């Protein structure tokens with residue numbers, strides 16, 4: 001996350017509580033929404049099939065069939081209202097979309113949003129630049145919490161957006177595969193068997209996007225808290241003014257990409273990566289080396305990148321890998337009444 005100048009009035013000291021609450025809200029809200037959308041889609045698929053679905057794989061298959069049927073209806077409607085050339089173009093694009101994996105779809109959505117903001121940064125108008133700076137840069141002293149999230153979709157340099165989006169393509173697909181694989185091993189809740197209260201995700205893209213959005217916010221929070229604590233330690237000293245003036249806003253998806261890469265390394269440790277390297281190396285070695293560089297950047301106070309954001313993203317990826325399965329197991333036991341004491 002490179003740093004840039006911030007053209008607005010700043011607070012004297014950074015706020016800590018509101019960014020933490022905002023991050024918690026984003027995390028809880030996004031995963032709750034992902035679960036809600038999956039439950040609703042699963043119910044719709046079961047209703048469309050005319051019977052309870054019995055496995056996640058069956059839900060995947062039912063979803064694909066429904067998507068194809070809906071696409072055919074759309075093409076049939078277009079044939080009556082638009083020129084044939086446009087119908088063929090739409091059918092080609094739609095077919096390609098239907099044949100992509102959920103991970104690829106997530107990559108397209110996230111990359112598209114990042115590229116849209118990047119293009120906006122290139123508009124040579126002062127009003128646009130000021131709005132982007134206010135909305136898509138996060139400064140620890142701005143008083144804005146929502147920029148913890150929006151800044152993670154913001155790049156104004158081509159090399160920055162290119163590197164992040166290239167890295168994102170493989171890691172977000174692997175993350176989606178991990179989430180889908182974990183869900184496919186779980187039994188599905190069925191109305192005729194109330195004892196089987198296990199979540200089923202027929203569409204992993206929802207949880208993949210929830211993971212990404214939360215990771216982006218957590219990584220920004222890591223940078224925010226590090227800067228806030230540094231400034232607070234100097235609040236009563238003669239170096240406070242200099243420390244406050246040295247703070248710069250940050251932007252970029254690097255922290256979120258770190259979270260994706262960390263989850264990929266932990267869930268698929270046998271994978272090798274050759275991103276920007278001639279010789280492929282095991283992903284665990286690659287990630288260990290990159291994290292070590294960021295730790296060195298923190299200790300040596302390197303200023304080129306936002307190392308705390310990188311480490312915050314990596315920490316979230318590891319926390320999700322180790323914590324999410326235990327949380328799901330705990331929820332499952334509570335729903336089944338296991339390990340619950342009566343008072």
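Any Cβ shown, glycine's included, is placed from N, Cα and C.
The domain 'Peptidase S54 rhomboid' annotation in TrEMBL covers 207-322. What TrEMBL records for 20-37, 209-231, 251-268, 275-302, 308-325 is transmembrane segment.
Here the transmembrane segment (308-325) has Cβ contacts under 8 Å with residues 1, 182, 211, 214-216, 218-223, 225-227, 250, 252, 254-263, 266-267, 287, 290-291, 294-295, 298 of the same chain, all six or more residues outside its ends. For the domain 'Peptidase S54 rhomboid' (207-322), DSSP puts the residue distribution at 82 helix, 5 strand, 29 coil.
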